[in-house]
Amino acid sequence: MGSVASYFGRLGGKEQKKEEERLFRANDRPFNLSYHYADNAIKTSKYNLFTFLPLNLFEQFRRLANAYFLFLMALQVIPQISSLSWFTTAVPLILVLSITAVKDASDDINRHKSDKQVNNRMVKVLIDGELRNEKWLNVQVGDIIKLENNQFVTADLLLLTSSEPLNLVYVETAELDGETNLKVKQALTVTGDMGDSIDALAGFKGEVRCEPPNNRLDKFKGTLTLDGQTYSLDNDKVLLRGCTLRNTEWCFGVVIFGGPDTKLMQNSGKTTFKRTSIDHLMNVLVLCIFGLLASMCAVLAIGNGIWEVREGSVFTVFLPLEQGVNAALSSFLSFWSYVIVLNTLVPISLYVSVEIIRLGNSFFIDWDRKMYYPKNDTPAQARTTTLNEELGQIKYIFSDKTGTLTQNIMTFNRCSINGKAYGELFDFSGQRVEITEKTARVDFSWNQLADPKFTFHDHSLLETVREGNPEAQAFFRLLALCHTVMPEEKKEGELYYQAQSPDEGALVTAARNFGFVFRSRTPETITAMEMGRTVTYELLAVLDFNNVRKRMSVIVRNPEGKLTLYCKGADTIIFERLHPSCNKLKEATIGHLNEYAGDGLRTLALAYKPLDESYMDKWRQRHHEASTAMEGREERLDELYEEIEKDLLLLGATAVEDKLQDGVPQTIEQLAKADIKIWVLTGDKQETAENIGYSCNMLREEMKEIFVVAANTTEGVKEELQNARRKMCPEAAEEPSVKKARAGLFWLQKTETVQDEKVDGDYGLVINGHSLAFALEKNLQLELLRTACMCQTVICCRVTPLQKAQVVQLVKKYKQAVTLAIGDGANDVSMIKAAHIGVGISGQEGMQAVLSSDYSFAQFRYLQRLLLVHGRWSYLRMCKFLQYFFYKNFTFTFVHFWYAFFCGFSAQTVYDEWFITLYNMVYTALPVLGMSIFDQDVNDRWSFQYPQLYTPGQLNQYFSKKAFVLCMMHSCYSSLILFFIPWAAMHDTVRDDGKDLADYQSFALLAQTCLLIVMNIQLCLDTYYWTAVNQFFVWGSLAAYFAITLTMYSNGMFLIFTSSFPFIGTARNSLNQPNVWLTIFLTSLLCILPVVASRFLFIQLRPTINDKVRQKVRKEALPAPAPRRPPARRISTRRSGYAFSHAQGYGDLVTSRRFLLKLRSRPPLFTQTDSPLAQNEPQLYRTIAEDPEESQSP
């Protein structure tokens, strides 16, 4: 469609040049409109009132079968060749087209409603010197708009000014990346000075040059020219559409990108029509069936020509030929007549049945109470009904981390103070006790300022602190002082912390509950409440965190005048700087850290150092000189920091849990047993991603090796990938083994498949974003894929949304495997759309991923039920359905073929016309639907007990071209039995009373009765799981057949509709004869016996995994649900790095005077102290307090 539109666009001269740079002026609509930038309206719908019918019909007739049935209907209109009425094809075809059209229209109407709702939101826009309420769709590039607290960001904006100190704004990016902790953006000082002055803003004539629209959420380059001065713009000065303004009274921004140009919409990716591998296979098979049909018709047409020449003249006496019809023309017409007669090779009911089965299986997903999340009232949802069976064939899962594997909630879990570990509980025998929700919590009611949401279970730590233990008190004093958290206290005792990362907030909240409450700060002081006593420390310096230092320090003077440096950071970094006297304590702490890391916790070491006053004076002087130096400032400051952060005294270590969603490790373990490979693609930094990898058992200590690819050049990345590959598989060839083949309709599609290579042992691969960028280049793609596929686990860190999609596309292209992507933010949308199946985690505040997904649910753990139960059952049911459906229709049609040799190739039907009409629509429709909707080889508990049952689906074992050929051979055998046994039995046969029985009508009745009984017996053999519905459908269809047959062959029907019901009396004359029933029994036995025998032999000699498990099911009781077992204790020497931030800290900000300018006059933003987010999580600090009305529980 796109190519057609672009073609006509070129004809009309409307094709737009690709934008290379964006230039606009604030408050200058005429200038900006001349560039024809997109406005702020979005459109996700596909049709409008006028285009719906032609476009929808065009899309539907692109399906080969629909086009075939249209052609067939046209043939049936021609009386010379049609032996069946045209409406026998027209009615089902119109029904199928109508159902699909109504479904498509309903989906598109919902998209229109969604677009309208978003486009009609109101926002204040500065027009002609005054603020006016305008709809979002009317906002243009260059407009200045005002946002207020808790409003959605209208478009991509350049932040100009805000109500907050230092022109800061706080935004929640859950809609973009699934993260609920707030991000800080800051305007340029030159624009921030305008404040909220409407006159100043209306007179603002800044000119912006920036990059064209793109999908990079974490990057922005541009310049602002104002009064002849040029200022650099980066991502910190831009608010993206999809964010929500939080904790900020108001802000003003100028629109950079609107509507489809915004980064949110650019990341939504191209919507592709997803089809399952079975769909693609069916297209190929339908093409083969057309070939078979044409061949059969050609053979019969040739037979007709020969028969007309040799035998036809004998019949012309009582069946004269029409004028001008000779043998050649008769042969030609019989070809098309047989096309109509044999069209049941591809019945239209096949596609109707497939859609009904998919719809039924989708309802099972929607109704599954075991995938319902009561906490958020969120059920699982099948947002598409066309991909269910693909869920049973997944080989690769690509998962986001934040919000998908984790809850993005940090909890203070354990700590080590002065060589003693706290946080775990032990029974009298010294065994570790698992902490559950019922475990007694530490009572913090003595502390009026404690956070009521914070929970801790080890009472001994509180006792140690309250007894006055100096090391324990120094430990929590450090946590209360050494950070860059901003406090907010609207009412006495109601504290909210604004932290730059969730784990930093968790540590400050822990100190708060244990009696060391961080209350307030100024640029020169920090005020804390220590065990009920207010203490104000003089803040002399903040030695800020960055990714190289991996630590931060503060230097404070207490009221007694004592100077102390407090430092926290990655344990490896801190231990290098300890005083030799701490060696013994260091060994004990390392032991605790190894335990914490073994449990997947994020660890930090804490240390302090008393400072001498005279040394400090000199150091501060040098620090001032270094910080004002024009050249080498960073290097000089680093040297000073290194100098003072020496000979530290160790206090202990903290362990913070990056709280995984419930059941994540068990789910990953189950999916790994099902031979599904999981790759984590995350925007987080390496240490954080590795940490989560260990927490959820993707990375394990027992792995032979975990390779880290972090090179910054193409050659470096290539070398690291090759070294890893050679270690894993030394005997492997240097060049990958690529198998080339053809696939798709007419075999036009070329495929390349990189062959799997066997590796001894388990390996892991961690690759970061800049290395991945090189690895995804064309000359390194296969090397990356080859190495990654040898590993059990792959983690890609710091990846962009585009790279996520590229990784998925790479695996799709070269592994020819079914892929699934799961995520919860807008940065996952391109990956979700690129994969065969997209799953969105719902229930979070970010719903962008859900809106683009095929399936959604609230928790990652439901993925195993979606795949191992619903996916496997859906695949099994669909394969059984197709095998049985093709079998029953081929058998039905092949009988016509054999009959042609006995009727002079005249295109006479072997069955009664009413039987032909009702065979697929009534007699065999419901039994096969019953099997295809309800059947299951084993129940859900056994499916979880044996995840290996999933493997056949990945290998396409249940339905393939080979299975199709076997099905055709089986049909051929059955049709021979079903035609020749009744034919031989009826030949020269008489009734009990001596009257003739060997007539066409009696033979037709006998053949169709045999056929229907054999089909039902075959269905019973194929059914594993019987329900009352199945029983009713099978017996009901047989009863309906005999009832309808006896009625239609009755005298009454013949008298009323003489021409329509010619088989008068056939049923009562035939079905009362013993030899007829003996023939039916013999025919059924000969058809079914080989099937039963072959299945018995295969189960005995070559049993499949399904056969083995089903045998076990018969012998054993139902397995109990998996018991909740405490995780095994692991000891690990691998510990997390400094996991506090992905960016430079806020040290400069907290020591700046300007952030206090408006603090006292600031009106309250919060009317309630609690929020649903806090209520739903027992141990939770608040990074930045969120408004209760807007937030949802994660």
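Just so you know, glycine gets a Cβ as well, placed from its N, Cα and C.
Bear in mind that the values here come from a model prediction, so they are computed numbers and not experimental data.
Copied over from TrEMBL, here are the features:
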{"type": "DOMAIN", "residues": "26-89", "note": "domain 'P-type ATPase N-terminal'"}
{"type": "TRANSMEM", "residues": "84-102", "note": "transmembrane segment"}
{"type": "TRANSMEM", "residues": "284-307", "note": "transmembrane segment"}
{"type": "TRANSMEM", "residues": "327-352", "note": "transmembrane segment"}
{"type": "BINDING", "residues": "Asp400, Thr402, Asp824, Asp828", "note": "Mg(2+) binding site"}
{"type": "BINDING", "residues": "Asp400, Lys401, Thr402, Glu504, Phe545, Lys568, Arg602, Thr682, Gly683, Asp684, Arg798, Lys804, Asn827, Asp828", "note": "ATP binding site"}
{"type": "TRANSMEM", "residues": "881-902", "note": "transmembrane segment"}
{"type": "TRANSMEM", "residues": "914-934", "note": "transmembrane segment"}
{"type": "TRANSMEM", "residues": "963-985", "note": "transmembrane segment"}
{"type": "TRANSMEM", "residues": "1005-1026", "note": "transmembrane segment"}
{"type": "TRANSMEM", "residues": "1038-1064", "note": "transmembrane segment"}
{"type": "TRANSMEM", "residues": "1076-1098", "note": "transmembrane segment"}
{"type": "COMPBIAS", "residues": "1167-1178", "note": "compositional bias 'Polar residues'"}
{"type": "REGION", "residues": "1167-1194", "note": "region 'Disordered'"}
Ask   = Counting only pairs 6 or more apart in sequence, are there at least 3 Cβ pairs under 8 Å between the transmembrane segment (284-307) and the transmembrane segment (881-902)?
value = yes
Task = Between Arg798 (ATP binding site) and Asp824 (Mg(2+) binding site), find the distance joining the two CA atoms and give it rounded to the nearest Å.
result = 17
Inquiry  = With pairs fewer than 6 apart in sequence excluded, do the transmembrane segment (881-902) and the transmembrane segment (963-985) have three or more C-beta pairs that lie under 8 Å?
reply    = yes
Message = Based on DSSP, tally up the residues of the domain 'P-type ATPase N-terminal' (26-89) by helix, strand and coil.
response = 31 helix, 0 strand, 33 coil
Task = Work through the binding-site residues one by one (Phe545, Arg602, Gly683, Asn827) and name whichever has its CA nearest to the CA of Thr402 (Mg(2+) binding site).
result = Gly683
Query = Ranked by the number of other Cβ atoms within 10 Å of their own Cβ, which of the binding-site residues Asp824, Asp828 ranks first?
reply = Asp828
Ask   = Taking every protein chain shown into account, which of the binding-site residues Arg602, Arg798 has the largest tally of Cβ atoms within 10 Å of its Cβ?
value = Arg602
Request  = Starting from the Cα of Asp400 (Mg(2+) binding site), work out which of the binding-site residues (Phe545, Arg602, Gly683, Asn827) are within 10 Å.
outcome  = Gly683, Asn827
Key: Non-local residues, at least 6 beyond the ends, that sit with Cβ under 8 Å of the transmembrane segment (1005-1026)   = 880, 883-884, 887-888, 891-892, 895, 910-912, 915, 919, 923-924, 927-928, 931, 934-937, 974, 978-979, 981-982, 985-986, 1034, 1037-1038, 1041, 1045, 1049, 1063, 1066-1067, 1070-1071, 1076, 1079-1080, 1083-1084, 1087-1088, 1091-1092, 1095, 1110
Cβ neighbour count within 10 Å of Asn827 (ATP binding site) = 32
Note = Over the domain 'P-type ATPase N-terminal' (26-89) the mean pLDDT stands at 82
Request  = Using a 10 Å cut-off, grab the number of neighbouring Cβ atoms around the Cβ of Phe545 (ATP binding site), all chains included.
outcome  = 26
Inquiry  = Cα-Cα, whole number of Å: Arg602 (ATP binding site) versus Asp824 (Mg(2+) binding site)?
reply    = 23
